[in-house]
Amino acid sequence: MTTPAAQTAIIGAGVMGETLLSGLVRSGRRVDRLLVGEKRPERARELEERYGVAVVGNREAAERADTVAVVVKPQDMGELLDEIAPALRPGKLVVSLAAGITTSFIESHVPEGVAVVRVMPNTPALVDEGMAGVSPGSHCSDAQLAEAEALMRSVGRVVRIPERQQDAVTAISGSGPAYIFFVVESMIEAGVHLGLPRATATDLVIQTLVGSGKMLQETGTHPTVLREQVTSPGGTTASALRELEVHKVRAAFLAAMEAARNRSRELAEGS
Ligand SMILES: NC(=O)C1=CN([C@@H]2O[C@H](COP(=O)(O)OP(=O)(O)OC[C@H]3O[C@@H](n4cnc5c(N)ncnc54)[C@H](O)[C@@H]3O)[C@@H](O)[C@H]2O)C=CC1
Ligand SMILES: O=C(O)[C@@H]1CCC=N1
């Protein structure tokens, strides 16, 4: 009996690679149409046991797949592309999820005619609420771009963006979940400081976050208006917001996101 040809390979199955793999499986993708390449043997075994997916050598994964998602750290990308390049024939599609790595860098490491799409995903993809910015390389057909978008749509929403915006997108939605978790941590600690049991503070903060997120999404009302609705004249919220302004939280977000955007640019240069 011959094994059916795998259609999609995921090379680099750490946090983001597994997030994509699990989303594809949840969305009904047949496991025998998926392949994984992973350097760490213990991690490879874990994924085989958890998903029943075949973990094979990187070259074999690239050979057997039509679409190859590369999900290693930016610093490991050049070496990986050089390893799989001999298995990449024109017509195949390479989808990179790495921060900073440009489509022209990838195109310079793979044979001519191999299509490239750059994606910036985020970890809420683990619960099918991901946000991915997608940009085609220089010779990617509409069908190949649609294939990359379908891949990411299995774990959330997708927006098509010009590649020059990718570093900014990385600073917003790629790294963004970490800022939100940081705010959540800070609010829980503050709640504990105010005397609430940790479990109560955690419950209150998470539901407030989920409720506020739903309001933004479902009402379509501008965040400034929603904030004003909470801010009674001379009330508690106004007192709190004044402290956030005094502590320059708005400026801190701008500085933080500029730093993330700049770091993404540096990663493109291999540092
Ligand atoms: N974690 C996140 O929130 C996000 C990550 N990304 C991007 O995803 C990529 C991966 O990030 P993480 O999953 O967080 O890192 P990670 O370190 O958890 O995963 C990388 C995986 O690649 C494997 N690997 C390294 N070299 C390999 C090779 N030559 N062949 C096969 N496997 C190899 C490692 O063993 C590891 O399991 C990065 O480029 C990052 O910029 C993008 C958006 C969000
Ligand atoms: O921190 C990082 O470099 C990766 C890219 C975006 C989120 N995590």
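For all residues, glycine too, the Cβ spot is worked out from N, Cα and C.
The annotation NADP(+) binding site is assigned in TrEMBL to Ile11, Gly12, Ala13, Gly14, Val15, Met16. Met16 (NADP(+) binding site) falls within a helix when secondary structure is assigned with DSSP.
In the three-state DSSP scheme, Asn58 (NADPH binding site) is classed as helix. The Cβ of Asn58 (NADPH binding site) lies under 8 Å from the Cβ of Ile11, Gly37, Leu80, Glu83, Ile84, each of which sits 6+ residues away along the same chain. What TrEMBL lists as NADPH binding site is Asn58.
Summarising the annotation, TrEMBL assigns domain 'Pyrroline-5-carboxylate reductase catalytic N-terminal' to 9-100. On the 0 to 100 pLDDT scale, the domain 'Pyrroline-5-carboxylate reductase catalytic N-terminal' (9-100) averages 97 in this prediction.
According to TrEMBL, the feature domain 'Pyrroline-5-carboxylate reductase dimerisation' maps to 163-267.
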- Query: So which other residues, same chain and not among Ile11, Gly12, Ala13, Gly14, Val15, Met16, have a Cβ within 8 Å of the centroid of the Cβ atoms at the NADP(+) site?
  - Reply: Ile10, Gly17, Glu18, Leu20, Glu38, Val71, Val72
- Message: Taking ligand 2 as the reference and 6 angstroms as the Cβ limit (strictly under), which binding-site residues among Ile11, Gly12, Ala13, Gly14, Val15, Met16 are close?
- Response: none
- Non-local Cβ contacts of Val15 (NADP(+) binding site) (under 8 Å, 6 or more apart, same chain)? Thr123
- Item | Listed in sequence order, residues with CB under 8 A of Met16 (NADP(+) binding site) and six or more positions away | Val71, Leu97, Pro121, Thr123, Ala125
